[in-house]
């Protein structure tokens, strides 16, 4: 019996200071995993540049269980000897000209199979380095390769083309390559919501969709295969004794395990692993959860969920400890997580040290004290369990330690009645924001407040600004006047309190005249910069084509207003509107003639739509171009008829 089995069967014993022995559970040893600098290895490519490793796995051959095979992005395969205290490189060669995404040992032998992005799988002899065979048939990159633990000649591959292929090395080669003996096409294709209009042409290969890719294949026994897809969210079990090539539509699996999460869109799986009994399936989902299914029963819902890590890619894998008590998985937050399978809600242990996403993780099948991990920081690390007496520190010096273990601190659950304070985005720098003049001093209701804006995680919250209701000033002169300390601003049209504005959502406020006549005037910051365009629009909406006198007065008042605009930074309409109001108050104290009243009334109609009284107005006929002299009496209409009769 090995030391590992003795520890598992009898438990972990620690000797106290008084000499007595105490029995501890095996989970109490998890915090002893450490990675020394001598167990950190950099993965290199063809040009001696560091490249990320994609897959790692321990050998199952007798006497070779300490051999670790690692494949990287440049197609290189490296064999490490992890049996010694300092792991060393046994062999290294370039297996493919493209990336190797997965690797699998042939059970009980010194051979392994590599699945590459060059659409082929290759069988290698590790001792001699010879290529024993090439397997062709996929139309896209191969993402996964798997053997049954008691079968040496048959293995399976899954690719991005959505096909699952079964290979047998006992079959003869054709054109120098091995061909698949069984194929499951479209294993994880999403069902189409509509019928494709284009017809399939004879002799043309089917189009390849990246969303139908097969991410993982795994044997559960010699006749059943488990697979997962990228986006369909379904784990499927296939009976290899069936002929799936006869299906004209999507093939029907023996059993299907639908996505059990709460996400609205279906997600995919990046890794699948079985315990050593073959009854519990652990699936790494891209929703940051690991679901455990009991595949020996009839239920298709998970029996446990492991959470706490992060999974944002299809390279994160998981592995089960040789005693079936713990689950280890990579994570996108640069850590390796270890859960106790019998207690999924317990906080996991974190193996910290990597600086990028941890992808593949392998637990030595014959040594509980050894874990291998691959990361996007271009390193492969061997984590060893450093058993030390109680009360003593690690035997490895801090300078030589590149990885350590801590327990993840779970966030406390919120009480049902507790609500966190609303975080507000800090106010922006006024100098960096372009100033745009509004059509009214009142804020538009569609403008978002501070609570409605997104808050970055690295910014501090600011108190919300108090919104005060605008008040009408006592004097118009006081409203447009500003002090020396006040910022430069435009004199904008004040809104009458008696009018109701309901079209604020479009950031447009209507004046009284436009509201009554049905001709809305769009007032925004852009039109304020072009007073000539604004005057032309107002003249079109208020004047008639035959009113030549009104047009001349409009041009005259507009030119005067332009001069005032350059001095007081106000619009020409503002100066004309104020002058009309002043004339109104001046003229109210003295009697007015019909002609003067008509002129003032026309000026108000032309220049101040907002100041028009809601009561009906009298319409005056426009005066003629030649003014009648006051000494000459006006002719009667009857005199014209008399002349016409005399002629």
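Our numbering is plain: 1 for the first residue shown, then up by one each step along the chain.
Every residue, even glycine, has its Cβ placed from backbone N, Cα and C.
What Swiss-Prot annotates here:
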type	residues	note
COMPBIAS	543-558	compositional bias 'Basic and acidic residues'
COMPBIAS	586-600	compositional bias 'Low complexity'
REGION	410-487	region 'Disordered'
REGION	534-647	region 'Disordered'
REPEAT	48-88	repeat 'WD 1'
REPEAT	95-134	repeat 'WD 2'
REPEAT	137-177	repeat 'WD 3'
REPEAT	209-248	repeat 'WD 4'
REPEAT	264-303	repeat 'WD 5'
REPEAT	308-349	repeat 'WD 6'
REPEAT	353-393	repeat 'WD 7'
MOTIF	167-170	motif 'DDB1-binding motif'
MOTIF	238-241	motif 'DDB1-binding motif'
Ask   = Looking only at the repeat 'WD 3' (137-177), what are its DSSP counts of helix, strand and coil residues?
value = 0 helix, 19 strand, 22 coil
Per-state residue totals over the repeat 'WD 2' (95-134) - DSSP helix, strand, coil = 0 helix, 22 strand, 18 coil
Request  = Determine which recorded stretch among 48-88, 137-177, 209-248 has the most C-beta pairs below 8 angstroms with the repeat 'WD 7' (353-393).
outcome  = 48-88
Task = Using DSSP, tally how many residues of the repeat 'WD 4' (209-248) sit in helix, strand and coil.
result = 6 helix, 17 strand, 17 coil
Query = Looking only at residues six or more beyond either end of the repeat 'WD 2' (95-134), which have a C-beta under 8 A from one in the stretch?
reply = 54-62, 64, 67, 69-77, 79, 140-152, 155, 157, 159, 167, 169, 173, 176-178
Helix, strand and coil totals (DSSP H, G, I; E, B; other) for the repeat 'WD 6' (308-349) = 0 helix, 13 strand, 29 coil
